[in-house]
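Report on the structure given below.
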């Protein structure tokens, strides 16, 4: 027996019919409450409640209860009251629906029909038995009817029970000692039972009755006599003799019986001997005698749909809910043994402190019937699937039911893929748990709108008033020094000071003994003179001595001296550790100004200052400092500590504890994921074990629901050396079917590679730097995990420029041709090598090394590409999304590359596209020291049906003025720089020679000497324009070319006459310079390593104004040409409110008002462009404005909450601005 709950009530009760049942209680008639209250209240208790002392709901009743019963459909609770009233309650609405006074005396018992939920029978003190229809109780003239005529005397009806098979038959027991069977069809008593003691011959009063759960002819009765406390079972087909007589269980009268509806072998009884007994009525044996209570146990009942549980009510002021199963262990035996061996002194010393913890006495172990009848017809499977046998038993179906609370988190999944968390943030803001949780999501909203660096710069900057003071002092100081002469020139006569106190100092100065002069000045407490002497001496030791003397004297009383000490030491540790926390922003300025060179030290000091703020209770500002200090772990530790509190608050909003826990867990993971993406682009690797356990739990729930893709995405962020992570990842991979597929592909690729090596004799030898070396045939080994080449579906080339992501390895030696290899054919050139179609035929370098090509099909024979003779007609290479195979896995950038497809910012005239010119692939090589030679790859006439992947999104976060992303404008053409040169298109211009990205090596850093500007060579107006097309041969990286001069100059490209029918336009020489600058400005820059994001100083960094997107433009108050006349009142009212409250708010709320202004402008822009906002949303804005004008802020806020909850996809950043402005307007409405 395990006690699950205990409710401090002396009350009768009834169970609901839920799988997780609810208990209804009503104060027992005749019982006196602890507070001597006469009020009677029906109370509902949830077994899942944290606080067992408070009911989940209550409703005042008309009197105290003798009995309670819950209808089978859980819609009605009926109460038998001591004042003769039968009262009906609605448990969901928590109200009384009817009170009917039909009985002449107290109503003693009542019972709902097992077959018809609306039929009820009640019994009273004067032998009254009435049958009720709960569907008609709302009628004012309704009256129940009598059960019929009794053949035996009935005094007080004490027990009623319906037949479980026949809806018109019920049984009753009364104080007269008879148990009667009634038939409502005949409207009379049809049978009666009585029993006389076999020892005394005295009639045994049968006061309790209950029907068999499945048989319509078997019934159980019990005696309330203390001399004959019997439980008897009867078969009505032989009603003269009981089937079984259950004795030796109770020592006093039995007051309650309950036959388990799920197992006819279990019968529960309780009585005046303070105990409850579990019987096997079929065998007539005792199974368990439960621990005695402090008073009579007048009612014990199984939970109808959870028979493992039963409740018992006693006059000891407790209702106890417990389980049938007795968890036996050796601790009880050990405790009893230790008590028996205790000395007499130990016994008497502990007798008052020993708690009474009686255990149930299990006589016979018997498993309930429902444990042995586990149906194989349906079983749960991993991934939230339900496997079910079909109705005919010949098939199996697998379904995935949608369970409330376990739905797929579609919004979170989409946000992770698109890296756009605005909709997720809006959803969480509309479903905030508490004020602290709302602050966190407001922070994330600001990061999404402004970007991390810009938001922190604004949040950590000094107040506007203090900034004005600093600026004014700087101006005054500049004016003061401008008025001073450049050099002090002494004038006029003077005398040396040989006074008694100054004579030694003057003598030391005359002699030039500055050390002694300094000591003398310090003895006389002449700190100013000592500092001048120390400066004059140019002696570091003397200067330190003078400064230490100053700090020793003034640091305790002067804050300025402590500040000067930190400045002198170039160390702000003292500032961070000891400054008053109210001046934390000034400490932040110290940290940024004096730790510019040491990023790690700056971050550690910011975290340390954040710890001090958190200790003082300033959670919001502490999180700002942790964010600035790049400390996700510190923020996570705060959120983990707050997790139980949020979970407790969610319990009142959810039906179960599990749903509350799951919702809190999901919200926590979403919040942390959004923050980590904004802080370090989602590349964080978790190390906090508590945080890892939370993510593992979320992964487990997500995978169990079948969302394996989301589970794997989060598993990648967890450490691989964690055993639980390894196990979970393997489980998810197997369940998603990815492990078997990968292994099969690997085995197939390996076997193909081995057979190819055996046939052609090619082997792979590792190089010194770890990169794969080409085989003997001059061809790199294929990637065994690469997808097989698909045959071409079209021959039409799709010219799309793309930055190379990887470059195939080449050999530095001339390969030996394979005599058994088939003739070489032109293969498709990898897209990473050639960015666009060449428009000229470069000359052949006869001394260049022959390049090898990479075949697109790893299973085809490997040809060797030979140089193509000059002038050979070769078709232009078709450019498509898929390139040939390389000997290594392509390096995929997790982060977008800045400048991947940047567009020129100046609109140019659209050029005329030149016709393609036949070119021949030429093997070219540019030697460089210390690097392997890079050769060209021959072209191919074949094409492929694969397409280019979409360009990576831009990671640069800039302030936005609109919620939805805007589509970039189309590429703008460039001006022609030479009237005799072919026109250079914008597409070609973006394909300047790029740095070659090697997946096995970190990307090269950009040349600092050329960062941000480009060299513009002199332009010859009569020379051919430089082509922006990457030559067929591989060009070495810019950094290597700039650093290492090539001993052999690269051959010059021959000029090609312009194509026919080309439009020409004369330009000035200056235009060529401008175009050259423009070409340099749009070249892409190498991306830093993915796992080492650059640390951005949020305050000291200088922001590039050119990086701000076109949408981040200040909107003037009078702007609104695109706003319709119907929407203009919204704009005018909000603008007027902003102007009204601006002079009324305190100085410390200036930033909040600026934020409101920025958000309101976002709304205005949406209204101007007629995007994002639908008409229902605009209508609600009109309603908000109308209530706002009337001063009805509560109604306006209600509509605001409706917008936030039901229109979250449209309610972007602007909705928060309306809420804040409304709060400010309400606070200043009386001013």
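Even glycines carry a Cβ here, placed using N, Cα and C.
Same-chain residues lying 6+ beyond the ends of the repeat 'WD 1' (6-46) with a Cβ under 8 Å from its Cβ atoms: 52-53, 55-70, 72-74, 77, 79, 81-82, 89, 91, 94, 106, 298-299, 301-306, 309, 311, 313-321, 656. Feature annotation from Swiss-Prot assigns repeat 'WD 1' to 6-46.
Taking the repeat 'WD 2' (60-99) as a whole, pLDDT averages 95 in the prediction. Under the heading repeat 'WD 2', Swiss-Prot lists 60-99.
Positions annotated as repeat 'WD 3' by Swiss-Prot: 102-142. The list of residues near the repeat 'WD 3' (102-142) in space but at least 6 beyond its ends in sequence, with Cβ under 8 angstroms from a Cβ of it, reads 29, 66-67, 69-73, 75-76, 78-86, 88, 150, 153-164, 166-167, 170, 172, 174, 182, 184.
If you look up Swiss-Prot, you'll see 152-192 marked as repeat 'WD 4'. In the repeat 'WD 4' (152-192), helix, strand and coil residues by DSSP number 0 helix, 22 strand, 19 coil.
The list of residues near the repeat 'WD 5' (201-244) in space but at least 6 beyond its ends in sequence, with Cβ under 8 angstroms from a Cβ of it, reads 158-166, 169, 171-179, 181, 191, 193-195, 250-262, 264, 267, 269, 271-273, 279, 281-284. The repeat 'WD 5' annotation in Swiss-Prot covers 201-244.
Annotation comment: Swiss-Prot describes 292-332 as repeat 'WD 7'.
Summarising the annotation, Swiss-Prot assigns repeat 'WD 8' to 379-399. Packing against the repeat 'WD 8' (379-399) from elsewhere in the chain are residues 406, 703-706, 708, 731, 735: each is 6 or more residues past its ends and has a CB under 8 Å from a CB in it.
According to Swiss-Prot, the region 'Disordered' annotation covers 725-802 (among others).
Feature annotation from Swiss-Prot assigns region 'Disordered' to 941-1012 (among others).
Counting residue by residue with DSSP, the repeat 'WD 7' (292-332) contains 3 helix, 22 strand, 16 coil. Here the repeat 'WD 7' (292-332) has long-range neighbours at 1-21, 23, 25, 28, 31, 34, 47, 255-256, 258, 260-263, 266, 268-276, 278, 358-360, 362, 368, 370, meaning same-chain residues at least 6 beyond its ends whose C-beta is under 8 angstroms from one of its own.
For the repeat 'WD 5' (201-244), residue counts in helix, strand and coil come to 3 helix, 20 strand, 21 coil, using DSSP. Outside the repeat 'WD 4' (152-192) by six or more residues, the chain places 108-116, 119, 121-129, 131, 146, 203-216, 219, 221, 224, 236, 239, 257, 261 with a CB less than 8 A from a CB of the stretch.
When DSSP labels each residue, the repeat 'WD 2' (60-99) comes out as 0 helix, 23 strand, 17 coil, counted as helix, strand and coil in that order.
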